[in-house]
Amino acid sequence: MNLELLDPFSIPDYPEALTTTLKHGHATSIRFSTNGYHLASGLVNGSVVIWDLSTFSVSRVLTGHTRAIQSVCWSSCDRFLLTASRDWKCILWDLRDGSIVYQVVLSAPVWSASLHPHKINTFVASLLDESPQLIIVDDGIPKHKYLPTNPDIDENYSDRRNRSKHVTLVSFFHPSGEYILSGTSKGWFHVIDASTTKIRSSHRITSQSIKQIRLSFCKRFLIFNSTDRVIRTVSIQDLDNPEVEHKFQDVVNRLQWNSCGFSQTGEFVFATTYQMAHAIYVWERGMGSLVKILEGPKEELVDVDWHPVFPCVASVGLDSGSIYIWAVEQKESWSAFAPDFQELEENIEYEEPEDEFDIHDETGKSEEEEYFTSVVKILPHDSSAEQPFVMPPTLSSS
């Protein structure tokens, strides 16, 4: 997409229609890269597909897992990708050549895994029916540190009786990398010190299980998805006292939610519905009002992600494994690129001047042939601290 030909004042804040469907294997989980150039898709057979969003073609296919991919996580530089699978393994991939940097075999199937924001050799993993682990890989040798699940406060009798059933379902790093944020099956939200693996603070967000926690692009808010059918947004500017801002739910139908997240600006939140609804709900975060219901596929939508730059949403179909993309159908404004360009409402008859197609001299013709016109323009990156990683193309002979 050529950004210079788009009218910035005509772009809405959220997608409006289903525009593209991607299909390569049966997808289970997806994530956009931090710069928005690529989309990582984990498949049910253990493969990982990297999509090029400029051409909607496959850039790489990574094979290393033997069972379904549970989660994919990009590094901050977009060069590395961490994948977690039901085969009890986590693999870090180098997308420059598709090689494996390291792989770690854990003690149980992995719910999800999240990279450290600044260190690619450190990640945290949430395991099935076991305590989460902080893994640090030094010289190819992983060091495991178990993270706590139960809060360091007095619990009532029923909580003590069901202590064995209290497990961590989701965990990831704070943007600073100093803390690990986790959610449990009893609705507890923990802030864990990454250096000491001790709980700094615990807060009861809900009485039901916390299925998912996502971080906003501005790194100041969290969105919680729990089994009580309520989506909550929480401010984490003060980690010792997180504040629940808004609650989103379908009061009439009492829908359960599969996945949720923030828009790229943080002004909207979205969630996919469970079972029969086949839609994505979009709310305005400030007012809490429902602004859009994205429909189209005739199947349940599981994982969902919002593009980091454009108002674009990608989601995975449960039955077919296809990737559906909702976006805004943009009309390129050539007058924004060339001020003297005139747009016509309808065709007009053109009167040809007598000398328009006269033969020019050979000197002018040779100068035109020697003049090189670039048809590809790479826009500069906003960050001056580090140039973004650009994945080299993979040429395959058919």
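Just so it is clear, glycine is given a Cβ too, placed from its N, Cα and C backbone atoms.
Record features (Swiss-Prot):
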REPEAT    22-61  repeat 'WD 1'
REPEAT    64-103  repeat 'WD 2'
REPEAT    162-202  repeat 'WD 3'
REPEAT    247-295  repeat 'WD 4'
REPEAT    296-336  repeat 'WD 5'
Same chain only, please: residues at least 6 beyond the ends of the repeat 'WD 2' (64-103) with a C-beta under 8 Å from a C-beta of the stretch. Say none if there are none.
28-35, 37-38, 40-48, 50, 109-115, 117-118, 120-121, 123, 125, 135, 137, 140, 142, 386, 388-389, 391-392, 394
Let me spell it out: take the repeat 'WD 5' (296-336), skip the flanking residues so only those 6+ beyond its ends count, and list any with a Cβ under 8 Å from a Cβ in it.
1-2, 4-7, 10-23, 25-36, 39, 41, 43-44, 51, 217, 258-264, 270-276, 278-280, 342-343
If you average the pLDDT over the repeat 'WD 5' (296-336), what number do you get?
88
